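The structure appears right after this line, and notes come after that.
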Amino acid sequence: MSFTHRIVLLLLGLSLVLTVEGKFPNCQFHWEIERAERECDTQLQQQQTASSTGCHGQWYKVACWQSAALGEVKTLPCPSALIHLFGKSGNLSRNCTERGWSDVYPLIFLACGSTSDEDDPSELVFYRMVRILSTLGHSLSLITLLTSTVIICLFRRLHCMRNYIHLNLFVSFMLRAVAVLAKDALLFSDDENTDCSVQPSLVGCKSSLVFFNYFIMANFFWLLVEGLYLHMLLLIIHTYSTRLSVYMLIGWGIPFVFMVAWVVCRVTLEDTRCWETNENPIPNRLMNWPIMASVIINFVLFISIIRILVQKLRCTDVGGNEQSQYRRLAKSTLLLIPLFGMNYMVFVYLMEPPNKNMNRIKIFFELGLGSFQGLIVAVLYCFLNSEVQSELRRTWMGVSLKQCVGRDYRPHAASVGRNGTESSAQFPRSSRAPSIQQTETTVL
């Protein structure tokens, strides 16, 4: 099986892993409340009420209230379901009066709800706009990357070490786009009539999150591989001595090691719900720190490549053809390498922006404009590549030539059928067919 066939099978196989139930996050709050209510009913049934005075225990709204004596005040912390939903801790109270339980005070939303600006209409419009922009960017990136992958796989003349690395980068971008689109469909479903009666397996939900994080990290490391390969291309003459397996190990293997460590930390330190919470910082650091390291290393490579190119362009010993080659390489570097690190370096120190405006800017660039990164890479690496354009032009001319020869052959065959013989005066041996072949050879 060739390398390109393995790439296609890898893409198809890993994309199918993301098919999970999309109702889990929408129903999580509902399931937690139902589970807490069942536990409350079981606990209250086991209690024995010795006196008919006072207030009996009951499940009310979102909390379990134990029995209380007349005049007693019961205070409970916010339910865990609300804490998971809003991330706010508070207290709820009720009085046991002669008329029974009083209403809950303060209001549940004020004590345990969100106090941020997420309910601000402008904030909701902003996040909806970013989501639409992100969906558009990832969809266009997925289409162009898939087209670029097919083009490189079809033309054997494009099969080389450089394009093999490009193919892996394309696959990582495609898997990242599929993962993001699947995650958005999973977390931001607009279906208000979702049936929450059947709970899906937590294994499927956790597995989808594992693959999502792995694809994100692998994409960053393949960006790093591109930077490493370009840096070696400028420094080392015999670049092809480095095996593709070494780059594969960096691009796919290192993220796999960190993801295994992340899963182990999740299981041992914070095995709660669908692993979407980050109360313990250690698993989150196992994800963020390798990505930050790859971004910083790629940025250093970018500075080094620019320095090398400037030195070579200023060198007076460089010949005209070689100098034009370096100029083309410099243009490609200036276009590609910033995509691999510059935009991430701007926000690498802003993991938690100090204010809302900076947070909006970070979200807009990373989620909105960042979704078009795969589209830009596909255009620069494939559609604007002179070798790809030459192969496409060659194929188009071949198809056009076949159609032209076919149209000329049909009247010729009909004439032979009517006359029985072919006139040598009308069709000399050295006239049309050799000239067509000669023209094709000259053009190609």
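In case you wondered, yes, glycine gets a Cβ from its N, Cα and C as well.
Keep in mind that this is a model prediction, so the values were computed, not measured.
The compositional bias 'Polar residues' annotation in TrEMBL covers 418-444.
Across the domain 'G-protein coupled receptors family 2 profile 1' (39-116), the model assigns an average pLDDT of 81. Annotation comment: TrEMBL describes 39-116 as domain 'G-protein coupled receptors family 2 profile 1'.
Per TrEMBL, the feature domain 'G-protein coupled receptors family 2 profile 2' maps to 130-385.
The region 'Disordered' feature in TrEMBL is assigned to 413-444.
Feature annotation from TrEMBL assigns signal peptide to 1-22.
As annotated by TrEMBL, transmembrane segment applies to 136-155 (among others).
If you look up TrEMBL, you'll see 167-189 (among others) marked as transmembrane segment.
Sequence-remote contacts of a segment are chain residues at least 6 beyond its ends whose Cβ falls under 8 Å from one of its Cβ atoms, and for the transmembrane segment (209-237) they are 14, 17-18, 161-162, 165-166, 168-169, 172-173, 175-176, 178-180, 182-183, 247, 250-252, 254-256, 258-259, 262-263, 274-276, 287, 290-291, 294-295, 297-298, 301-302, 304-305, 308-309, 312, 329, 333, 336-337, 339-341. Look at TrEMBL and you will find 209-237 (among others) tagged as transmembrane segment.
The transmembrane segment annotation in TrEMBL covers 249-269 (among others).
If you look up TrEMBL, you'll see 289-310 (among others) marked as transmembrane segment.
Residues or ranges marked as transmembrane segment in TrEMBL: 331-351 (among others).
For 363-384 (among others), the entry in TrEMBL reads transmembrane segment.
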Helix-strand-coil residue split for the domain 'G-protein coupled receptors family 2 profile 1' (39-116), DSSP-based:
20 helix, 23 strand, 35 coil
For the transmembrane segment (249-269), sequence-distant contacts whose Cβ falls under 8 Å of one of its Cβ atoms, 6 or more beyond its ends:
168, 172, 206, 210, 213-214, 217-218, 221-222, 224-225, 228, 275, 280, 282-283, 286-287, 290
Which sequence positions outside the transmembrane segment (136-155), separated from its termini by at least 6 residues, show Cβ-Cβ distances below 8 Å to it?
4, 7-8, 11, 163, 166-167, 170-171, 173-174, 177-178, 180-181, 368-375, 377-379, 381-383, 388, 391-392, 395
